[in-house]
Amino acid sequence: MDIRAAEISAILKDQIKNFGQEAEVTEVGQVLSVGDGIARVYGLDNVQAGEMVEFENGTRGMALNLETDNVGVVIFGADREIKEGQTVKRTRAIVDAPVGKGLLGRVVDALGNPIDGKGPIQFTERKRVDVKAPGIIPRKSVNEPMATGLKAIDALIPIGRGQRELIIGDRQTGKTAIALDTILNQKPLNAQPDEKIKLYCVYVAVGQKRSTVAQFVKVLEEQGALEYSIVVAATASDPAPMQYLAPFTGCTMGEYFRDNGMHAVIIYDDLSKQAVAYRQMSLLLRRPPGREAYPGDVFYLHSRLLERAAKLNETQGAGSLTALPVIETQANDVSAYIPTNVISITDGQIFLETDLFFQGIRPAVNVGLSVSRVGSSAQTKAMKKVAGKIKGELAQYREMAAFAQFGSDLDAATQRLLNRGSRLTELLKQPQFSPLKMEEQVCVIWAGTNGFLDGLPLNKVRAFEDGLLSLLRGKHADLLNTIRDTRDLSDDSAAKLKAAVEGFAKTFS
């Protein structure tokens, strides 16, 4: 056998030279057609559903339709630079987003990239945006209150940590205002050192004007609430895939707190725009349309998102994620496709009405149509005691007010009922950016249901409330502290409160 030394040495030299160098194998495909934010790609045979792919110019997309001969990719960005015949490569990663406390105080887009000009985000891990919701075993029934600071909601439609409560109403009825007040109301809780008390906030803006989002962030900053909040924005000028993805990204960021034994609330503002973006994508991907041209799985789109809000049991760390989805109706039509879907998924709804808004009843909550299916079990004892009475009296008032329009001669009892009801309705009004603590709400509602407002003219109710609150905060701070600490209105506290309110009522004119 003939051994050639030169040949062997050449092979050895070559192997030594290339030692440690690994060839990178990427699976690439070709763009067949592109338009309207959708690219058809040939050749990505092993791509996964929901996988991120990268185009030649660095633009990213997500593989949604896996067909026999091509892949339908939605593009996260402008499709102007993408041409037919360009290469597309797999990233082998399902769409994910950064999570952690480093995101607090920041504004990010639907992929988790910062858009607030404050530099890169400090994060340690990334999580998939579309994960399975917790099963039945890790969950626990809702048992802690999630205070919004609004009397009309905390007393009549209470929300608990881990609940999904829908905020539904026409445009310009104050849906975002309720969400904003809820975030601002968490400021005292987030000042506490205990992580079990804190409630972090995630606000997802979908399809809104950039000016509106900027204004929202400005208010959060001015009120000192941005430091415990994350804002995820996919505005009206962003592509439909970004608007579709933003709620899932926000949810993943909120789940970080839930899974680490902390508490968070997430506001989706609003899901009707996400459904419209999903409809646009589905129709362009040639998926068959259903009712109102929405695809058949639009219910599943919202159910898999909202089911991720949960209260976990002690073995899982007892964390929670509360969801406040917002839905915009057209002309108060709650029976449209998307509103009925989301109503059936959530644990109750806060129904806002244009008529009430223009009558000056703000927040414009229709107490008759609004419900909370699980929140009452999370109400504090003190609030339960006073709220039960106000619910009954308002229900009677609504019934009588309808009849009173026809008859002019009303008996004294009916007149008394109408008188009390109109004053309680006045009492539930609340200006924006002025959330009340639980103990303050209890005292004010107690005064209303115990007849201290009955003799007042309607236009003096607000002044009475303000005066009573400043008296309680000043001279009776110990009473407020007792109610806050015990979460109950004991007979002793009720007697002290009665004496304080009676004394104030005598001096009030």
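Just so it is clear, glycine is given a Cβ too, placed from its N, Cα and C backbone atoms.
Annotation source Swiss-Prot lists ATP binding site at Gly169, Asp170, Arg171, Gln172, Thr173, Gly174, Lys175, Thr176. For Ser370, the entry in Swiss-Prot reads site 'Required for activity'.
Taking the features listed in Swiss-Prot, we show where each one sits on the structure.
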residue	record	Cβ within 10 Å
Gly169	ATP binding site	27
Asp170	ATP binding site	18
Arg171	ATP binding site	10
Gln172	ATP binding site	13
Thr173	ATP binding site	26
Gly174	ATP binding site	19
Lys175	ATP binding site	24
Thr176	ATP binding site	20
Ser370	site 'Required for activity'	21
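Cβ atoms within 8 Å of the centroid of the Cβ atoms of Gly169, Asp170, Arg171, Gln172, Thr173, Gly174, Lys175, Thr176 (the ATP site) belong to the same-chain residues Glu328, Leu352, Thr354, Phe357, Ala364, site residues excluded.
Looking at Ser370 (site 'Required for activity') and Thr176 (ATP binding site), their Cα atoms lie 17 Å from each other. Under DSSP, Thr176 (ATP binding site) is assigned to a helix (H, G or I) in the three-state scheme.
Look at Asp170 (ATP binding site): DSSP puts it in coil.
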